[in-house]
C-alpha cells in the first residue's frame, strides 16, 4: 500500500519534471534585462590586499618585563552558548589570543582569563555580571557584546567601579547613562548610518535606494540614521521580521520601485535569504548591508547572489593584518570573525594597563579613561562618555565568494 | 478590541500602523502569485496536520519537524550531488533526475521521521489510553527534541544555500512575470492534493482512514486494522511534508535550519484549522488563503510583523464564527 | 456525624438504611407542587439531527413523588429525549417545563441547579477525585461561595465546607459506599461507581433524578439491590425518571411507564397495563406493525 | 489565613503528599491503587503521614527557614558559582517556581493547555517597566504598587483572551494561546510606546539603600529579591491551597477530568475556566513584575514561545496539578542551565526529551501527589479508615484467634 502511494508521488513528480522541461525549453529572457532593477550599477572598487597598521600599535606582548600578582584576572562576559554564540566565540577567542601572547612574553605577569556566559539574554546577564564583580581578582572586563544585556548590567559595573570595554554593542544610547565604567571599543550605529549613506550615494553612485530594516533595535536604529543620510535618494522603505524566510512581498515592492540599490539594515540570518530571493527575481542593482551582514554566513546562505553585496562596518578587517590573522588561525583553527579584532584590541588596552602597573580596579579604570594610543585596528581614545573619538567605518565587498575590504568610507 | 486598547497608550512621534493602499494596488498581482506559491507549500504541510488530526484528534506539533527533516533530506542529497551556491549548467534531463532523487530522499526522510514519531512517542500513549493533554504535551516535547537534536548536530546557522536551477520568468500576466519555479510548485502541489483526496475517498486504505476518523471503535469492529491505519496516515502526512520540503528548499535555499519548520508549521496548522481541520480541500483553501493574507498584509502594512498578527486574528475570528473552519470538518466527525 | 458513620458502618444492605442516614441524606429544597401534581411537563418535544427525526412530538409528565420509567427498544429515542431534557441537545421544537418553568435554552449547569440531575449510562465520574470529593462537587451546585470567598476562607466558605463533608458522607452512606469515601473513584469497583454516580446526582439536590440505564452491567442480585435503592430514593422525597432496558427492573420498580418507539410515544400507563399493551409487546418483540394491526 | 480553622494549617509540600497517601490508605488492601499512585518519593509521604502533628510543624518551619537561608548558606555542591551569582540564581529559581505555580493552576487544575503563558509574564513585566522606568512617558508609581497593578492588568488580559477562546475545544486553545504569546511579543516591537528591543532601563525597586548608598534591592543583590519573591511565593501557595480545597478547586479538577459531566453536575464550566485563566494570568503577571524589577531592564528580547514551552515543561516535570511539584519543576528548569553551564546549550533538547519521557513513563511528573480538595476532609477520611480498620480487625478476630497485628 505504501508502494502505491510512492508510485503516485513519483507520477506527480514526473509530471512536475515534464512541466519544468517545457519551461526550460522556452527561451528565457536574460534576467539582467528582464525584470525591474535600474541600470547596471556594477561599480568596480578594487579590493584592498592589506591595510596599513599603525607603526607603533600597542601589542599585548608589551616589553616583556611586566610583573603582576598571580590573581590578576581579566574576564569576558557575554554569550558563549545559545543562538548568538558565534559572535561571542569570535570575541573571546580574540581576547584569549591577546592574553596568551601577553603571558608568553611576560613570565613575571601571568594574567588569568575567565569567561561568564549570559546567552546574550538581558534576563540572565545580571547573575554572571554580579558574580564577576564579586571576584576581587577580576580588574577588567571585555563585554558585554549585546546592547540589551549591556543596558541591564551597566549599573552593576558602575557600582563596583569595574572597567569594561564592549567589543560589539552599538546602541548609541548606551553611553547616555552616565556610567563611568563603560567604554565602547567601536563606532556606534549613529556613526555607521551616515557613513553607509555616503558610501551608497557616493562611491557606489546609487540614485534610487530602497531601505529594508528588520525589527531589531540595531536594524531600526541604523535604518533611521541611514535613511536620514540618504535624503532624497531614498525611494522607499519596508520592514521585515527576525526569522522571516520569504521576502516576496518586499521584493515585489522593490522591483516595482525600480531601485538600483537596496540597503538592508539588519543581520545576515534574514539579509542573506533576502538578497538571494531578490536576485532570483531579477534584481541587478547593488545590495548593501551593515556589519550585521558582514559574515561568511551571508555568502554561504545567499549563494551566488551575494556577488552584488557590499558591507559597511565600523570594524577593521582583522584578516588583513597578517600577524593577527595567522596567530588567530594558529590558536583557534579558524579565520578571525566579526569583532575578533575588537576583542583582541580591547584586551590589549587592559593588558597594557596591567603592565604599566595599574593592577587594581580603580587604577585600571583611570588608565582606560586616559588611554590615547593606537591599537592594531584603530586609534583608541575615549571621550568622557565612553565613546571612541574617531571611529572609522570600513567598506567591504564580496569577491570570489569572500568578503574583502575596500578601504575606509564615509570620510 | 486590542487595537482600541493600544490607542490608549501614550502617543509617540511615529505612527505604528499605516495602510499603504496604492502600494497594494501596484503590487497586487505579484503578491498574489507569490502568495499562492507559498500558500501551496503551507497547504501540503497542512494536509499532514489535517490527516493526523482526523484520525487521532491530535495536533501533531512535531509535524513541523517531519517537514524540516525532509528539508535536510533535500539538502544532503543536493550537497552529495555536488550542487553549490550557483546553479550548475545542467541539461533539463539531469535537473529532473536530480530533483526526483532529492524528492525521493526528502519523502523518505520525512516519512521515516513521521513513522518513528508515531511508534516511539504516540503509540505508547495510545496503548495506555492517555488523556489528550498528555498527547499534546508529548507532541510538543517531541518537536523540541527533534529541533534541538538537529541544533546539537548541525549548529545554530542555516545550512549553506544550494541552488538547483536558475528560476526564470516564463510569461507575463497583468504586467507581472510568472516564474517557472512558481508554476512548478503550485501545479505539483495541487496535483499531489488531488491524488491525496482521491486516495482518501476511493482507495481501500482511504476508506479505512475515514472509518477510523469517524469512529475508531466501530471501525475496529468492522475489521479495520486501526494501528495500521494510524501509521499509514502518519506516513502519508510525512510524504506530503517531504514534497513540501523540496519545494520549500527550491524557493528558499537557505531555509534549512534547525528551527526552520517551527513557524511554518504553526502557520500550516493555522491553515488547516482555517479551512476546516480534517478536510483535505480545507487544507488547500486554508493554505492558499494564509499565503495570500500574509503577502497582502505585508504590502498593505509595510511591515511583515503584522502578517503574523493578522493571520492569528483571522484564525481566531474564523474559529469564533465557524468553529469547524471554512469548509467544515469532513474527514471524520460531525461531532463538535 | 462521624459517630453515625461508625455505627451504621456496615449497613451495606440497602434494605433498611439507617433513619439518621436517610434524614441526613434527604433533600433540603422546597418544591412548589404537591405530591402527585405534575412536576415536569414535556410538551411536544421534537429533536431533529440533520434530516433524521430522532424525537417526534413527544409529550408526557412526571408527577411529584413517582418513579417514571422511560423505555423503548434500541434507538427508540430514550437517550435523545433524556439529553433534550437535560440540555445536552437543543430541541428542534417543544418545551420542557419544571414546575411550570421552561428549561430549554438554559445552560446545562443551570438546568441542574433548577432541579434536574442525571447520571450517565457510561459512567462518567471524576476519576482523579475520591468518592467523597465527587459527591461534594455535586453538593457545590447548591453552594454560593465565590472565588474570593474561597481564596480568603470567608465564613460562608467554612460553613459550606463543613456541611458538605457531613452531607457528602451521609449520601455515600445512603447509597452504601461510605467505607470507600477516600478511594479514588476510578479505583472503585464497578457497582460502587454506579452507586457513586447516583450519590453525586442526589448531591445536587434535584427535584427530579434522571437515571440513565443505571443497571447496565449488573447481575440480578445487584439489580435487586439497585431497585431497592431507587425505591429508597423515592421514599426520601425525590422524584425519579428511570431509563432502562431491563423490563424486569422497570416493571418491578416504576409507578408509571412511558414507552417510546421510533421517536414517538406509543404508550403511557402503569406497569401492569403496559405489560399487556399489544403495541409495546410488538415493539419489543420486533413484530412488523402491519402484522399487528 | 488558613491558620484559623483548617485541620492542616500550613498547606505545603508534604501536606499534599500526606493527603495523597491518606487517599491511598483507604483503598482495600491488595488493590494496586496505592502502589500506582505513589511516586518516586511515595515512601516519604507515608513517613510524613506517620509523624505526629508537632513534628510536621517543626519540619515545615525548618524547611521554610532553610529556604530563606539558602542564598546565605550557599551550599558548595549546589551553588551555581563560579559561573553565576548564587543569590541571583535563587531569585531566578523562585521566579520560575512562581511561574510554574501560576501555570499549574491553568494546566494542572483546569486542564487548559496554555502555550502562551509567556505573554502574561511579558504583560506583567511591561506594566512594571512602564510605571517605574524613566524611559516611559506614563505616570510613575512606587515599585511595590506596580505589583498589584501588574496582576490586575494581566488578569484583565487573561479574561480578554479567555472569553473568546475558552469556548473553543481544548486543543484549539493551545494554538490560539501560542498565537497570543507571539502577538504580545510582536506588538511590543511594533508599538513605539513599548520600545521594542530598546526597552526600558532603570526599572523601579523597593525602597531602601545600604550604607554606601547602593539600593538594597539593587539588580546585583539577589538575596533581598529572593526573600521578597519567596515570601510572595509562600503567600501564593497558601492562597492556591485555599482555592484547591474549596469548590473552586474541585470545579477545576472536575472540568479537567470530564468537562461535560462537570457541566451536568451544575458546574458553570465556562466561568470557572475563565477564572482559572485569569488567576493563572495574574500569577504570571506577578512573576513578570518581580523578574523585571530585579533585572531592572525590560525589552522584547526573551518573551518568545520557546521560553513559554519551557514553562510548560516545568509544570509537567514536577507533576501537573501538584503545587509542590510545580515549585520543584520550575526551580529545576531554571537551576539546571545555571548550575551546569556547559549543558546550557542543550537545555531545550534536555527539556524536550524530559517532556516526552515523563509523559510516556510518568505522566504524573516527578512528584505524583494528588490535590487535596476538601478543606475538612481529613476527619472524615480518618473516620472511614478507623471504621474499616476496626472492621478488618473484627473480621480477623472473628474466628476467635488473636490478631497479631
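Count begins at 1; order follows the chain as displayed.
Using the three backbone atoms N, Cα and C, a Cβ is placed for every residue, glycine included.
Fair warning: this is a prediction, and the values are worked out from it, not measured in the lab.
Looking up the ranges B:39-59, B:207-227 in TrEMBL, the one annotated as transmembrane segment turns out to be B:39-59. Using the rule of three or more Cβ pairs under 8 Å, pairs at least 6 apart in sequence, the transmembrane segment (B:229-250) is not in contact with the transmembrane segment (B:309-331).
Contact check: the transmembrane segment (B:173-195) against the transmembrane segment (B:39-59) gives at least three Cβ pairs closer than 8 Å, residues 6 or more apart, which meets the contact criterion. Counting residues 6+ beyond its ends, the transmembrane segment (B:309-331) has Cβ neighbours under 8 Å at 50-51, 54-55, 200, 209-210, 213, 267, 270, 272-282, 285-286, 289-290, 293-294, 297, 301 in the same chain. Below 8 angstroms of C-beta separation, residues 39, 41-43, 45-50, 53-54, 59, 61, 63-65, 67-68, 71-72, 74-75, 143, 147-148, 150-151, 154, 156-159, 248-249, 283-287, 289-290, 294, 311-312, 314-315, 318-319, 324-330 of the same chain, each at least six residues beyond the ends of the transmembrane segment (B:256-277), sit close to that stretch.
When Cβ-Cβ distances below 8 Å are used as the criterion, the transmembrane segment (B:39-59) is approached by residues 66-67, 114, 122, 132, 135-136, 139, 185-186, 189-190, 192-193, 196, 209, 212-213, 216, 229-230, 233-234, 236-238, 240-241, 243-244, 247-248, 251, 264-265, 267-269, 271-272, 275, 277-280, 282-284, 286-292, 329, 331-332 of the same chain, each at least six residues removed from its ends.
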